[in-house]
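Visitor: Submitted below is the structure of interest, expressed as structure tokens.
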Amino acid sequence: MATTPGILTDWPWKPLGSFKYVLLAPWAIHSSYLYFNGDEEKRDLGYFLIFPFLLVRMLHNQIWISLSRYQTAKGSKRIVDRPIEFEQVDRESSWDDQILFNGLLLYMGRMALKRSENLPFWRMDGVVMTALLHAGPVEFLYYWFHRALHHHFLYSRYHSHHHSSIVSEPITSVTHPFAEHIVYFLLFAIPLLTTVLTETASIVSFSLYVMFIDFMNNMGHCNFELVPKILFIIFPPLKYLIYTPSYHSLHHTQFRTNLSLFMPIYDYIYGTWDKSTESLYESSLSRAKEVPHVVHLSHLTTPQSIYHMRLGFAAVASKPFATKWRLSLLWPFTCLSVIVTCFFGRTFVSERNTFKALKLQSWVLPRFNLQYFMEWRREAINNMIEAAILDADKKGVKVLSLGLLNQGKELNEYGELYIQKHPKLKLKLVDGSSLAAAIVVNTIPKGTTQVLLRGHLSKVAYAVANALCQMGLQVGTLYENEYQKLKSKITTSSNNLIVTKITTHKIWIVGDGLEEFEQLNAPKGTIFIPFSQFPPKRLRRDCYYHITPSMKVPSCFENLDSCENWLPRRVMSAWRMAGILHALEGREMHEVGETMLSLEDAWKASLQNGFIPLEISSSSF
């Protein structure tokens, strides 16, 4: 939002929310009906193609978003190092409004202008005229309009909304108030209207021009340099005719320089060219990939999780993961993505963060939950995890933490398999069990005297049970076989460990394998505290479900603009935290296999480094 928002700041269909696309329905239905069921005279290919063209534009923009986020996460050729936070993601989440706006205007223009009906597919003179009109009137008028927008009156009411994003992403290019977009459309309509009125317009000239604007806008705001230097060596005047991402990035950091649209010549003519343009271009182009200190190795969960990644849909990734019916409409693309990742996918960088002096990255294994439970897939998955570990070790990574199902008893003995195969690993491998157990123990409300432990027993579950028995809490379990397994792991007196058939406990420590009937038999007001990587299914409205072991990150933790799976904003899982704390504390051993740190030490380290506990609300018990 601008500093002091002016009139026509919000889009008129803002109250419609996600249903704003209904506005296009009458036009799309009408154009389709005429094309497929109308007579030959009323069949208009250009009119019919408007709606598919809008979808292509959305796909084109999304490709740029994903590419930019992937490239800047790796670090190579990155221009600006400042962080992107949730506030920017929220502000830019309506980037598709301008496509909807353009679509409505194209439909209305076709209905209002008789000469826009039945446009030919191709006309060379129309393409040439469009290019000349853009290079002349459009670029010139845009330059002076842009300069006017930087006057205090207009800047504070409108353009400051766009400049709130100092670190730009492709969608930053279209994040403007509604009033600005009206003027931009009028400018870009100059070539379109002129070619229509002179009867030189064609479907290709329209689509190429709009896609050219989208391409240049996205490129200029992508925050990594991709225009090769060889182009300027072969043809030096090119620097006056085409801008680069680093060129426009200076406008977002310096504000009053590099004001041109796509052609820097007007900055050179009117003295607004930034003198550091060429040096920033050179330094950005030669920048190497970033080597992180800590890597968190996670994986995809469900097919829809591809959209929740930071490289997916930014607005979706900025909220806790949940299955959405709207994403189900993308099932053809979802199925294709699953097939591609299953056969051709390899580990990739999805996110970068900074915390204190540490550089952090999250890597994603392109495998889904279901595949981890297929015994015949375990060897292939282990090979991928091993390859990622060796790659990180080769690059000089100090610590690698194993997230979600990348560490487990059946899969790799909680990561011990890789240490046995590669005893000379320089990086430290962490499974995060100690911190996860410490968080669970310290989440239990003060004054609690008894808890019920349910779910598949894991390294974390054994550690929690042992710690609670040492603290004098009574730990109950429903089944004799679980009692015997727990008893064998208790290092002190096991008198506090019991088998109970009556579920009167109000505090349940739960993991994977919690049965539905067990939840339904829990007393009203029961507090479910997970010790597992995945949260239990919420079946009861009269009970409280805490989130999986996690803590809120300190305010100095930067570049966090997406949610980690189902966790709230700026909340991090214990398994991801553990690798960071391992590096901060300078620990020299691996934390995998049966190795467990002191739960007290793990808890103190998290608090001393600024992580904030997520307490259970007092109204829950």
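The backbone N, Cα and C atoms fix where each Cβ goes, glycine too.
Predicted automatically and left uncurated, TrEMBL annotations should be read as such.
According to TrEMBL, the record shows the following:
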{"type": "TRANSMEM", "residues": "45-65", "note": "transmembrane segment"}
{"type": "DOMAIN", "residues": "136-272", "note": "domain 'Fatty acid hydroxylase'"}
{"type": "TRANSMEM", "residues": "182-212", "note": "transmembrane segment"}
{"type": "TRANSMEM", "residues": "224-243", "note": "transmembrane segment"}
{"type": "TRANSMEM", "residues": "329-349", "note": "transmembrane segment"}
{"type": "DOMAIN", "residues": "451-613", "note": "domain 'Very-long-chain aldehyde decarbonylase CER1-like C-terminal'"}
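In the displayed structure, how are the listed features positioned relative to their neighbours?
Guide: Residues of the same chain lying 6 or more positions beyond the ends of the transmembrane segment (45-65) and with a Cβ under 8 Å from any Cβ of it are 24, 27-28, 31-32, 34-35, 95-96, 99-100, 102-103, 106-107, 110, 116-119, 121, 169-171, 203, 206-207, 210-211, 214-215, 218-219, 222, 313-314.
Proximity of distant same-chain residues to the transmembrane segment (224-243), defined by a Cβ-Cβ separation under 8 Å and at least 6 residues beyond the stretch ends, is recorded for 68, 71-72, 76-79, 216, 258, 260, 262-265, 268, 281-282, 284-285, 287.
Over the domain 'Very-long-chain aldehyde decarbonylase CER1-like C-terminal' (451-613), the average per-residue pLDDT in this prediction is 92.
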Visitor: Which bits of the chain, at least 6 residues beyond where the transmembrane segment (329-349) starts or stops, bring a Cβ under 8 A of a Cβ in it?
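Guide: Answer is 70, 73-74, 297, 300, 303-304, 306-307, 311, 361-368, 371, 384, 387-388, 391.
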